[in-house]
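Annotation source TrEMBL lists region 'Disordered' at 1-22. Residues or ranges marked as compositional bias 'Basic and acidic residues' in TrEMBL: 11-22. Annotation source TrEMBL lists domain 'Galactose-1-phosphate uridyl transferase N-terminal' at 15-187. For 39-42, Ala72, 88-89, Asn164, 170-172, Gln179, 325-326, 330-331, Gln337, the entry in TrEMBL reads UDP-alpha-D-glucose binding site. What TrEMBL records for His177 is active site, tele-UMP-histidine intermediate. Annotated Fe cation binding site per TrEMBL: Glu193, His292, His310, His312, in sequence order. The domain 'Galactose-1-phosphate uridyl transferase C-terminal' feature in TrEMBL is assigned to 194-360.
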Amino acid sequence: MEPPPGGAEEGGGRFRASEHQHARYNPLRDDWVLVSAHRVKRPWQGQLEKPPHEDVPRWDPNNPLCPGATRANGEVNPQYEGTFVFPNDFPALQPDAPEPGDSDHPLFRAAAARGVCKVMCFHPWSDLTLPLMSLVEIRAVIDKWAELAAELGASYPWVQIFENKGAMMGCSNPHPHCQVWASSFLPNEACLEDRTQRQHLSQHGVPMLLEYAEQEARRKERLVVENADWLVVVPYWATWPYQTLLLPRRHVCRLQDLWEGERDSLASIMQRLLIKYDNLFEVSFPYSMGWHGAPTGSFLEEDCRHWQLHAHYYPPLLRSATIRKFMVGYEMLAQAQRDLTPEQAAERLRSLPEVHYKQRAKEMS
């Protein structure tokens with residue numbers, strides 16, 4: 001589509017991004033999002049209630065992710081005290097799946113899809129989430145992520161580390177954990193980001209997200225948190241209300257390439273971001289997040305300088321702890337649309353305290 005009339009944001013002296021609908025281009029996905037900022041003035045803003053209190057036991061022998069618990073396949077977890085990784089008992093990818101065979105028509109194509117799926121527990125306690133863990137414990141998670149990325153990436157071209165947090169995001173187990181899927185193919189999002197980043201480097205001579213991080217660090221208006229090595233922004237092209245993008249300041253292609261100091265500062269900025277998320281509606285904030293970096297496997301021998309490591313956070317909540325943004329109707333049939341501008345979302349997140357609301361409650365009691 002063509003850019004909206006009126007030129008750049010605030011251009012022409014009349015257009016105001018916080019008042020007027022417009023479309024924003026996402027160069028990472030080569031698509032557009034409709035921003036309908038005037039819709040936040042609607043008289044009905046949703047009921048601002050908190051969800052029922054969740055009393056998660058620290059250890060439950062019937063929880064298959066707990067230390068010492070028995071999983072669905074009959075295996076017993078060790079009495080782990082840090083991170084714990086095991087093969088997914090119900091994997092979406094298996095290493096020995098047969099070839100689907102040749103297609104008899106171009107409209108009915110299939111291709112081989114092989115891989116492995118692992119589950120990674122962050123901590124032995126079920127009542128802890130990442131923002132409530134210590135920096136040392138978060139650093140251990142980061143180190144295990146990097147280890148798995150290198151180990152599985154030695155043979156698989158794509159290793160997707162992702163966390164679904166909260167029942168709203170389809171996570172049925174509150175125990176702090178993520179998943180790691182390694183595939184024999186590049187998934188759709190990886191192919192798309194590979195193409196757009198390659199084109200940007202070819203046309204502009206600098207990795208797209210390295211340039212973008214430098215621009216956002218200078219402009220400040222979408223910045224949420226930052227430190228010497230990292231910054232978190234609500235992307236200019238964000239789709240979800242409080243979506244964020246975690247970026248390194250240095251050119252880094254893969255998670256396993258991070259320096260020791262960068263891993264420490266990553267633990268810190270992740271904790272700060274996730275505390276702000278929880279503080280927004282004073283709830284354990286649901287989201288889906290995942291790391292994207294340069295492909296691995298055979299791509300380790302190729303030039304991947306166009307890639308820049310980054311993490312996406314996609315939280316669904318919009319107005320309260322229970323009112324979410326639904327991607328339906330126009331979003332499914334036309335293109336993504338949002339009401340709150342990224343700048344408004346960033347300002348709200350930025351202004352939140354960096355002491356967790358549960359910790360504040362303990363200090364006041």
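Each residue's number is its place along the chain shown, starting with 1.
In case you wondered, yes, glycine gets a Cβ from its N, Cα and C as well.
Location within the structure of each feature annotated in TrEMBL.
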residue : record                                       : Cβ contacts under 8 Å, 6 or more apart
Asp89   : UDP-alpha-D-glucose binding site             : Pro64, Arg71, Ala72, Asn73
Cys171  : UDP-alpha-D-glucose binding site             : Asn164, Lys165, Pro286
His177  : active site, tele-UMP-histidine intermediate : Leu65, Val119, Met120, Cys121, Phe122, Glu163
Glu193  : Fe cation binding site                       : Leu28, Arg29, His292, Trp307
His310  : Fe cation binding site                       : Leu209, Leu245, Leu246, Leu247, Pro248, Trp291, His292, Gly293
His312  : Fe cation binding site                       : Gln243, Thr244, Leu245, Leu246, Met289, Gly290, His292
Lys325  : UDP-alpha-D-glucose binding site             : Trp240, Pro241, Pro316, Leu317, Leu318, Arg338
Glu331  : UDP-alpha-D-glucose binding site             : Gln337
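The record gives Glu193, His292, His310, His312 for Fe cation. Within 8 Å of the mean position of their Cβ atoms, the other Cβ atoms in that chain belong to Leu28, Glu189, Leu209, Leu245, Gly290, Trp291, Gly293, Ala311.
Within 10 Å of the C-beta of His292 (Fe cation binding site) there are 23 other C-beta atoms, taking all protein chains into account.
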